[in-house]
2 protein chains.
Amino acid sequence: MQVIHRVAELRAALAGAENTAFVPTMGNLHRGHIALIEQARQAGRPVVASIFVNPLQFGAGEDFEHYPRTLAADCEQLAAAGTDIVFAPEPAEMYPEPQTYQVLPPLAGELCGAQRPGHFQGVATVVLKLFNMVRPRFAAFGKKDYQQLFILKGMVRQFNLPIEILEGETVRAADGLALSSRNGYLSAAERAEAPRLYATLRAIAAELAGGRRDFATLEAAAGAELTRHGWAVDYVAIRSQATLLAPQPGETALVALAAARLGGTRLIDNIEVGLPG
Amino acid sequence: MQVIHRVAELRAALAGAENTAFVPTMGNLHRGHIALIEQARQAGRPVVASIFVNPLQFGAGEDFEHYPRTLAADCEQLAAAGTDIVFAPEPAEMYPEPQTYQVLPPLAGELCGAQRPGHFQGVATVVLKLFNMVRPRFAAFGKKDYQQLFILKGMVRQFNLPIEILEGETVRAADGLALSSRNGYLSAAERAEAPRLYATLRAIAAELAGGRRDFATLEAAAGAELTRHGWAVDYVAIRSQATLLAPQPGETALVALAAARLGGTRLIDNIEVGLPG
């Protein structure tokens with residue numbers, strides 16, 4: 001496995017590759033990332049993983065400075081999973097000058113975007129840059145970051161990038177908590193409480209499957225339940241899978257999404273719900 | 001020469017091509033475009049020209065509806081110039097859904113952007129889409145559209161597109177008027193007056209070469225001269241070639257740019273000026 005820090009070296013290593021499968025990450029890898037690597041391996045070769053904590057997608061007061069950076073351990077995991085190339089650039093290599101060109105995606109003020117202005121613009125911009133460096137045929141993203149995946153799929157389609165997006169199912173701990181690098185911020189007590197986020201979403205899914213259609217009531221009740229247990233709720237939302245907007249009457253492919261904070265740690269999760277037609 | 005209207009067909013025709021040289025146009029071709037085709041031919045093969053009047057870059061009340069569409073004559077010229085592929089998509093092929101992802105470039109509110117809000121965002125977005133369809137190694141743009149060229153060079157650099165931009169010198173009529181599709185809108189009297197735009201810029205260049213550094217005075221005098229002859233002046237501006245912003249003290253690579261309207265026709269032009277260091 002090659003570990004590459006420079007764009008020019010990456011391009012040289014990938015010259016002529018037509019079947020590259022790419023997994024962009026911010027490092028601090030867990031089993032969710034490794035599942036994406038395995039999915040990428042099934043799709044194409046070489047398998048390229050990037051590790052870059054992207055300053056452009058962090059807001060003021062967010063955890064950019066403290067985001068866990070664990071390159072050596074990440075490389076061990078990636079090598080064991082059959083990764084061919086790790087691209088781990090410094091910020092000055094990704095942004096040799098102030099990034100004055102950005103991708104302006106839709107939905108950037110919705111859901112997570114409402115609390116994180118500029119976040120999805122920063123994500124879309126760095127992913128476009130990485131795509132142009134790696135020029136993959138396949139790229140894998142996890143469904144845990146549902147809005148991110150939605151926005152990147154749209155970017156590929158609307159900018160006509162010749163890339164197939166692979167969607168990775170969310171990998172969970174035994175108690176249901178979605179794996180996330182930010183879980184490492186949780187105290188023991190918070191970690192014990194954290195599975196309630198997914199449990200609350202499952203409860204919404206069950207209510208929807210049982211015929212409830214009063215979305216606003218379900219959202220409010222779920223938010224109140226989390227608040228009662230010490231969470232600061234950013235949102236609980238039932239949306240259309242097709243648009244990520246409020247479902248239209250008769251829409252059956254829905255998704256319930258939530259973002260909430262336990263102490264200083266912001267967690268997100270989601271569950272897809274297919275209603276009977 | 002192949003004439004292709006569909007993205008999928010274009011991708012199939014270009015599969016495996018590694019040296020493609022691309023000339024994006026809005027059609028209604030003149031010798032300036034043909035010079036770009038010749039420049040592209042020197043750089044790589046196949047030579048691809050696109051003809052697409054991009055609705056995204058026209059504002060309300062601009063000439064999108066009336067922009068001259070002359071596909072058959074354009075194809076004759078392109079074939080004679082050695083073009084291999086013409087890509088001429090319909091708007092619905094370029095924009096099968098509303099384009100909700102856009103490129104946000106810098107300087108979009110400066111110079112021509114001040115009078116044409118959204119124009120450069122629309123240009124950058126369609127060019128990014130075309131680049132992702134054609135995947136050229138070289139792409140040629142004329143210096144007549146100086147700000148456009150500046151913005152697209154920056155986009156290629158900041159989005160890490162593996163494309164080399166070829167810059168075409170402005171092609172002029174014998175009396176100095178820069179060739180432009182919009183010259184066809186001019187009445188005989190306007191056509192006789194039109195060379196004054198470039199003459200005025202040349203006069204600024206001469207003053208700068210002679211040592212004048214009072215940029216604001218030079219700009220105002222040039223604007224007044226054009227106004228006196230019936231032009232409605234959008235701007236006359238002396239800028240840095242490096243930034244397209246006002247020159248810093250000591251900068252020697254300058255460019256004088258102007259946009260002004262004769263009757264209903266908006267013309268632009270520019271001249272680069274290298275001062276003694």
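Glycine too: its Cβ is placed from the backbone N, Cα and C atoms.
Keep in mind the model is a prediction, meaning the values are calculated, not measured.
Positions annotated as active site, proton donor by TrEMBL: B:HIS33. Positions annotated as ATP binding site by TrEMBL: B:26-33, B:142-145, B:VAL171, B:179-182. Taken from TrEMBL, the feature beta-alanine binding site applies to B:GLN57. Summarising the annotation, TrEMBL assigns (R)-pantoate binding site to B:GLN57, B:GLN148.
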Take the C-alpha atoms of B:GLY32 (ATP binding site) and B:GLN148 ((R)-pantoate binding site) and report the distance between them in angstrom, rounded.
-> 15
In whole Å, note down how far the CA of B:MET26 (ATP binding site) lies from the CA of B:GLN148 ((R)-pantoate binding site).
-> 14
List the residues of the same chain that sit at least 6 positions away from B:VAL171 (ATP binding site) in sequence and have their Cβ under 8 Å from its Cβ, in sequence order, or write 'none'.
-> B:HIS30, B:ARG31, B:GLY32, B:ALA35, B:GLY142, B:LYS144, B:ALA178, B:LEU179
Looking only at Cβ atoms, how many others are within 10 Å of the one on B:LYS143 (ATP binding site)?
-> 19
Among the binding-site residues B:MET26, B:LEU29, the one whose Cβ has the most other Cβ atoms within 10 Å is B:LEU29
Candidate recorded positions B:MET26, B:LEU29, B:HIS33, B:LYS143, B:SER181, pick with smallest Cα gap to B:GLN57 (beta-alanine binding site) = B:MET26
In whole Å, how far is the residue listed as 'active site, proton donor' from B:LYS143 (ATP binding site) when you measure between their Cα atoms?
-> 11
In which DSSP state, out of helix, strand and coil, do we find B:MET26 (ATP binding site)?
-> coil
So for B:HIS33 (active site, proton donor), how many other CB atoms are inside 10 Å of its CB?
-> 26
Three-state secondary structure, which DSSP defines for B:LYS143 (ATP binding site) | coil
Spatial separation of B:MET26 (ATP binding site) from the residue listed as 'active site, proton donor' - C-alpha basis, Å | 10
In sequence order, which same-chain residues at least six apart have a C-beta under 8 angstroms from B:SER181 (ATP binding site)?
-> B:MET26, B:GLY27, B:ASN28, B:HIS30, B:TYR67, B:PRO68
State the count of C-beta atoms found within 10 angstroms of the C-beta of B:GLN148 ((R)-pantoate binding site), not counting that atom itself.
-> 21
What kind of secondary structure is B:VAL171 (ATP binding site) part of, going by DSSP in three states?
-> coil
